[in-house]
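Enquirer: My questions all concern the structure below.
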């Protein structure tokens, strides 16, 4: 065997007995045969998270088990990738404190020792110095979660800004005193897009208002409307439709506007991780937050729809960067089992934001005023630059020791922890590792990987299609749009809380599968009563049940995905899944058009996709299985022993 140095973590329990020990359930989920960290393995081209901390390429795998990844968010296809950076920091920082051990000794390089290490019992030097989780971490992660508020506002605003309004062909100026109902009846504009081709200037308001007046019955020639009037008593106010006449042959442009935003999200996801590693989490977070505020407020002044489309696309790019950088920063502030928990409670502002924007939209009832209200919070969040520090783990990996010490001293003082005198000796930047490469082809190398990859591509597509199909098409379900949106946010709060409670206490496979089946049943019941006004309340109830269950599943999905992929190709696998999610996101704005084809079509389609997703989950294993790819990686990793 080659002689090389074995890198080990210091056990948290051994070195920091005052820290709370992690729950047994969380650690028991890790597969004992293959869950181990590499220093940012996998390809850079596939996923933004595949870059090493500090933007450096990944290195040789370290025989250390991986931690659970964070859960999903409104931009869920980016957050699971935070896991690898979390792992990288732990492995890199502890490398400076490793002790050599002989073969077969405690923590040695043998297979049995490597396979049975407990993820949550591992700790790095930052966690040893400031604690896994304390008052400082609580304040910082809470402040970071606030950045989710404007993100949610911007992704959900089209629900109100692009809401459908009743419209009809505009009355000539001299006929404005004629009632709308009478005008629509006489002009034949019941279909809203065309009207009878008649010389309306030859008629007066008095003539049209006469109950016995009518045009010749054999007069059927029609012409397309050149202008429209919109209902002003529908409590929707001025929307995209009424501002730019996005009706009839231009109605599709509303979906194009939302597609531009979601395409921006997909584009930003490709670059945000690389830039965050290169320039720092804090720098990327606040640059993106400033741009988000600028683009968000610029939409208030946009006077052309084309300019509006461009701004929406740019807004999508920077919004996902805010989400990505903020989540990574929150996770790197904490340690141990709190990494998963910090990522999960970072989601709580989402449902609260749904409720808030529903109230704001009801009060403003104008798409411009609504845009102004949702753009302003980001301006105030930019002031947190003076409060939030850079990630100490990222700073350590970049070798910026002076800045690391400054952050650690403030955090330790806030947490009332005493720092050792030899702080300079403890804080050592990691040594660069040799680069390893993993491509998309690795996802199909073995029968096990082919199964997992195919299943998760289908599941991520299905989950995003159903989740955002319910969220972004809330205005097509009938009833009060403001009340429906507030209820949709309200039901997601217990869904996230329930997922947080049970995710580390039970197997993920059957719980995940159950969320899809429950969502399918709820959507099916909603489809049955679709088109029956007397059952509108029942339909909305079933839609909210579907929203509750699919939200719980959306929290479980990235955690389950990362656990079934071996460490060396985990980032590649998550990146491929993100690509499938991106396709679903681009399609979701067009789902609302299904109700115009047939009343039951939207909910029936969501039901079918939920059933499909649940069936696909059945073919997945509960935990990662031993396979050829894993065995090949073990051969490369385990053949390292300490020189005698």
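Cβ atoms here come from the backbone N, Cα and C positions, even for glycine.
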Enquirer: Select from 308-331, 380-403, 404-427 the stretch of residues annotated by TrEMBL as transmembrane segment.
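Expert: The range carrying the transmembrane segment annotation in TrEMBL is 308-331.
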Enquirer: Of 431-450, 451-470, which range does TrEMBL call transmembrane segment?
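Expert: Here TrEMBL associates transmembrane segment with the stretch 451-470.
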Enquirer: Can the transmembrane segment (343-363) be said to touch the transmembrane segment (482-503) if we require at least 3 CB pairs below 8 Å and skip pairs under 6 apart in sequence?
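Expert: Contact confirmed: at least 3 Cβ pairs fall under 8 Å.
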